[in-house]
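Asks: Let me begin by handing over the structure; questions about it come next.
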């Protein structure tokens, strides 16, 4: 697959198109001021000892990890970082606080002052980004300058479009800053996507203007706005400003205490030593030009001056809409006084529309979340009501079942004639009884009429096999006692029961005996032979 590269700016061969500075301008041109040491020490009373300089600090104190924070400046007690259980286990290995608390996974980036690593917290397993200063503290003033970045991170950490800062500490004359881990930088996003939709560019511009306005409202300037210093959050939508190492107050910046950022994004007035909020607007405008046109910005040369004089290459600028062209050109005007402020840009109709759209979507998302929560609550209550109602119903049915009267079953006696053709013959009652035996058999009701059809009552070949739970023991009495027993039972009961032999049908039932057939349920053990009497 062919790799796409960003197109360079066209070379200009005609001298009349070159924007050279005349000798008079060169005489008044100043070199960019270098970063000078500051006359104050911005040190927190809670963590640092103001009475000692870095050179006079003992070696043991520099090896101890001290927390850095400007949020509780009123505290005067110096404290060290608390030890976690994992840190306590690794403390015997003479590891730094960073190595004890974090597992280094990858290197995310590198700047002029430090390196950024992706780490995993050993205590909770969460992923973070930790920035470690490259150089050792060369003195108290240099240390105070590095700690100023911690103050700025803590100041803007709560803003939606600024990176979230967690904590900072110093150990072994180095500064460590723990921050949230974002998905990627805007530079990486551009290299991955190459062509970014214009609607997405408008959203990115809105995020960065909101973050930049939070700095300008405090009379601070960033001075290092570029695609590498813009990070995309975990939601893959929100863009956040990062790297506040060059952030400085506007009043102090013009007294030669400021340092310029990347020359590709630098405003032209920075070369003259004039620092203002408009410099951040220019840097943001040229960053949007790079993002929208996918072009490679020059770091110096005549093309660099072309962009600083408001001349944009037509072959690049024609690829975007006129509305976006107008905004970018207004942000890149050579005169800082003619550039719009962050607040004025946020009042642009397109950006106003996006803000209203975001607000409506935010309200809708909040409403949907609250609806889902309320729906879960209502459904939970309904389920509780259903469960309670079902329990009450079961209890009611159980009470009804217990209150139902129990009626004893009476035997059914049907008087039928013994022979349909005969007249005057006594009727024979049909008696319903149940066979009970020692062998467990499924409840089976037998009727006397089953044995009144002329068949042998002891012939069980046509009766079907009952469901026997256990086996029947074999007869070991040589068959004689069993035969006598059966004959006695048959003789005592008789094959027919006549009504006239008793005073009433009930007396006939009372005289009937229960037939025990448990001994011949499984198979016929022998054949009955009656002697002729």
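Heads up, residue numbers simply count up from 1 along the chain you see.
Cβ coordinates come from backbone N, Cα and C, glycine included.
In case it helps, Swiss-Prot gives these features for our protein:
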{"type": "REGION", "residues": "1-35", "note": "region 'Disordered'"}
{"type": "DOMAIN", "residues": "102-351", "note": "domain 'Protein kinase'"}
{"type": "BINDING", "residues": "108, 109, 110, 111, 112, 113, 114, 115, 116, 131", "note": "ATP binding site"}
{"type": "MOD_RES", "residues": "504", "note": "phosphoserine"}
{"type": "MOD_RES", "residues": "519", "note": "phosphoserine"}
Asks: For ATP, what surrounds 108, 109, 110, 111, 112, 113, 114, 115, 116, 131 with a Cβ no more than 8 Å from their Cβ centroid?
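Replies: Near the ATP site, beyond 108, 109, 110, 111, 112, 113, 114, 115, 116, 131, sit 132, 134.
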Asks: To which of the binding-site residues 108, 110, 114, 116 does the lowest count of other Cβ atoms within 10 Å belong?
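Replies: The binding-site residues 108, 110, 114, 116 were compared, and 110 has the fewest Cβ atoms within 10 Å.
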Asks: In DSSP terms, helix, strand or coil for residue 110 (ATP binding site)?
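Replies: The residue in question, residue 110 (ATP binding site), is strand (DSSP, three-state).
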Asks: 10 Å Cβ neighbour count around residue 112 (ATP binding site)?
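Replies: A 10 Å sphere around the Cβ of residue 112 (ATP binding site) contains 12 other Cβ atoms.
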